[in-house]
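Going by TrEMBL, these are the annotated features:
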- 12-37: transmembrane segment (TRANSMEM)
- 72-90: transmembrane segment (TRANSMEM)
- 96-115: transmembrane segment (TRANSMEM)
- 136-155: transmembrane segment (TRANSMEM)
- 178-195: transmembrane segment (TRANSMEM)
- 216-235: transmembrane segment (TRANSMEM)
- 247-271: transmembrane segment (TRANSMEM)
- 283-302: transmembrane segment (TRANSMEM)
- 308-330: transmembrane segment (TRANSMEM)
- 339-357: transmembrane segment (TRANSMEM)
- 363-389: transmembrane segment (TRANSMEM)
Amino acid sequence: MRDDKKLLSQTFWEISLLRIIVISITYVIFLIFLFFVQEYQSYYFYQSILILSAGLDISWFFMGMEDFKKTVLRNIVLKVLSLIVIFIFIKSQNDLGLYILVINTSALLSNLVLWPYLKIYINKPCLKKLNIIKHLIPSLTLFLPQIATQVYLVLNKTMLGYMTNVQNSGYYENTDKLIKIVLAIVTATGTVMLPRMANIFSSGNYQLINKSIRQSFDFVSFISIPMAFGLASVADKFSIWFFGKEFAITGQLIPILSIVIILIGWSNVLGMQYLLPTNQTKYFTISVTVGALVNLFLNVFFIKLFGIFGAIWATVISECTVTLVQLYYVKNNVNISRLFIGVWKYALSAGIMFIAVRSLNNWMTGSLICFIIQGMVGAIIYVVLVIILRAPIILQFFQVKEKFINRK
């Protein structure tokens, strides 16, 4: 499609118009809700800018065109500018409304600045020829796994707060936030690979799809396994430095929840980079829904028996379930054993790295400079061991290097 400007233009305007209509309806419903709310009404209104921002978001188009430079650049520039504004004008807790306004206006502007670049790729819309209805069912199909994903985000904290106390919910949320920061790096490959895989699939080159999935899975294993082990090795002191002494218990939670860094990394490859681009959305939805149901079921029993640790383990098991279900659905088209061929080498290297960094962490103080030193030592140990074990990523590295040299 992206090679046919006429078809690309029509599809873009159809999807964009559908988004604007849905967002407009949503915004009206939100305003009606706002009419009946008295407390924090102004804050809710400032937050509603995000709804409008979502309607004008066309970053998905540039990702589909594999033009990541524009989206990354605008994010960096506007986030830096918003940070400067915050430091200049936000002085106390009384400026909360202004803070919300700055953050959300920044998000709105970051979406608006992309629109002028559209003329490079698409033509002006012809409203009479647009057919938005044909995109409604596919959009709803993709919306279902989003709902299931939101269940993941909210369910644990809500049930934990209800069945134990709000304090445990706060411990879980902070632990989850830290894991999500690391996961953003791991899952970034999904954003890059999804449009590429969809384009390869449309060309019918299934052999290249399988090769790309193997390489992506191996790369994600290469970065996610040491990140999980590394975070676990410094968790006790890092949690106190990062969150404060009152959140010391998160040092016990992080090593357990860090397992999901690996699991979500793998499911991101299988789901976002294979099932979705190859029109197997149904199986992706099933995997996420099953994971959410497992999470709900385990929470009921685990939280009652083990408290916050039960919620953490329920999350790990549910993410494991998602990955296993996706492996089941891809096994007929993808060689599963070849996906995991290098995993033991990364795990062994990361395990030795864990022991070394943990030893350093035991006698070093919990300061930023110490964590940087531990991170550098851990990275050197890990990379050296991966090279010694001749892991698959090393072969990939030399192949990429050779292609780069040949281009010159």
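Any Cβ shown, glycine's included, is placed from N, Cα and C.
No curator has checked TrEMBL annotations; they are predicted automatically.
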Which range out of 12-37, 96-115, 308-330, 339-357, 363-389 gives the transmembrane segment (216-235) the most CB pairs under 8 Å?
339-357
List, by number or range, the same-chain residues at least 6 past the transmembrane segment (247-271) whose CB is under 8 A from its CB atoms?
170-172, 174-176, 178-179, 182-183, 186-187, 189-190, 193, 213, 216-217, 220-221, 223-225, 227-229, 231-232, 235-240, 284, 287-288, 308-309, 312-313, 315-316, 319-320, 322-323, 326-327, 330
Near the transmembrane segment (363-389), which same-chain residues lie under 8 Å Cβ to Cβ, leaving out any that are not at least 6 residues past its ends?
222, 226, 230, 233-234, 237-238, 240-241, 345-346, 348-350, 352-353, 356-357
Any residues 6+ beyond the ends of the transmembrane segment (308-330) with a Cβ under 8 Å from its own?
152, 156, 159-160, 164, 168, 171-172, 175, 249, 252-253, 256-257, 259-260, 263-264, 266-267, 270-271, 274-275, 280, 283-284, 286-288, 290-292, 294-295, 298-299, 301-302, 336
Who are the long-range neighbours of the transmembrane segment (12-37) in its own chain, taking Cβ under 8 Å and residues 6 or more past its ends?
44-45, 48, 51-52, 54-55, 57-58, 61, 118, 122, 125, 130-132, 134-136, 139
